[in-house]
Amino acid sequence: MTTSTLLVFQNPLLPKPTRPAHSSIAGVQKGAASACIVCARSQDDDYHATIKALNSKGRFPRKSLGQHYMLNSEINDQLAAAAAVQEGDIVLEIGPGTGSLTNVLLNAGATVLAIEKDQHMVGLVRERFASIDQLKVLQEDFVKCHIRSHMLSLFERRKSSSGFAKVVANIPFNISTDVIKQLLPMGDIFSEVVLLLQEETALRLVEPSLRTSEYRPINIFVNFYSEPEYKFKVPRTNFFPQPKVDAAVVTFKLKQATDYPAVTSTKSFFSMVSSAFNGKRKMLRKSLQHLCTSLEIEKALGDVGLPATSRPEELTLDDFVKLHNLIVQV
């Protein structure tokens with residue numbers, strides 16, 4: 001398939017498919033071309049607007065950027081609703097793609113800062129919403145950009161009274177952990193973060209089980225900085241191209257610094273947690289010996305109410321906090 005392929009679809013009055021009929025972006029066979037028209041639906045129809053936008057630029061989703069475009073406007077509505085986006089809100093969107101979710105956020109009355117890595121999608125979104133003053137699109141790699149300075153600048157320009165923004169985004173699955181690590185400690189900027197993630201990742205972040213291989217340092221991190229909640233599943237058939245896994249929407253209600261667990265140092269706390277899980281099969285009295293002696297660790301575990309033979313996957317966030325404050329000297 002070449003980038004000049006023209007996309008054609010059946011009459012929009014007919015029921016639209018839940019996904020493209022073919023795995024490629026190519027249109028229907030030439031013999032049926034007379035029964036088809038070039039897609040020209042309104043921006044409210046994400047299926048047609050998305051395909052039309054890609055077609056207009058001769059673009060095909062790039063696997064290297066994890067691009068999977070949402071084709072279902074109802075999912076975008078639910079994403080915005082999960083964050084209770086309303087008139088006057090300031091919203092950060094990561095990876096706007098063709099602008100289908102951006103359209104929903106703008107229609108809700110929000111001012112949107114969209115960060116997009118793909119220069120072609122940046123041009124497409126800017127062109128699509130050229131007449132809209134409430135949108136700013138930046139071409140940057142989100143995991144490398146200075147999002148705090150961008151948001152503070154937007155607050156100042158919009159004279160925001162609340163002082164808080166929201167994040168609503170359908171992000172590439174391959175950067176989800178990086179995005180979460182960057183956003184969750186920013187409770188002074190954002191009140192909540194709503195992300196569409198790979199379903200397996202969503203479940204692992206929100207419903208980790210102690211004493212299992214799924215329990216990891218990221219679980220401690222997420223619950224330290226936020227209150228996560230699994231909202232709903234999004235079947236893979238809602239995306240183009242269709243990924244190999246389903247997705248899900250998760251909300252993270254960010255905590256203020258005054259609500260963080262009381263540790264003497266967040267840096268040393270997460271360093272200790274990381275060290276503990278680096279030796280996941282080891283007992284903590286072995287993996288944390290660089291902090292103090294085994295006997296001191298055993299005593300601290302006893303003071304926390306845990307066995308001297310405890311391993312990291314057996315400790316809750318509160319257990320790690322108590323242990324840190326007993327054995328780490330800052």
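Glycine residues also receive a Cβ, built from the backbone N, Cα and C atoms like all the rest.
Automatic prediction, not curation, is the source of TrEMBL annotations.
Marked as S-adenosyl-L-methionine binding site by TrEMBL: His68, Met70, Gly95, Glu116, Asp141, Asn170.
Marked as domain 'Ribosomal RNA adenine methylase transferase N-terminal' by TrEMBL: 75-256.
As a whole number, the greatest separation of Cα atoms within the S-adenosyl-L-methionine-binding residue list His68, Met70, Gly95, Glu116, Asp141, Asn170 is 20 Å. Compared over the binding-site residues Glu116, Asp141, the count of CB atoms lying within 10 A of a residue's CB peaks at Glu116.
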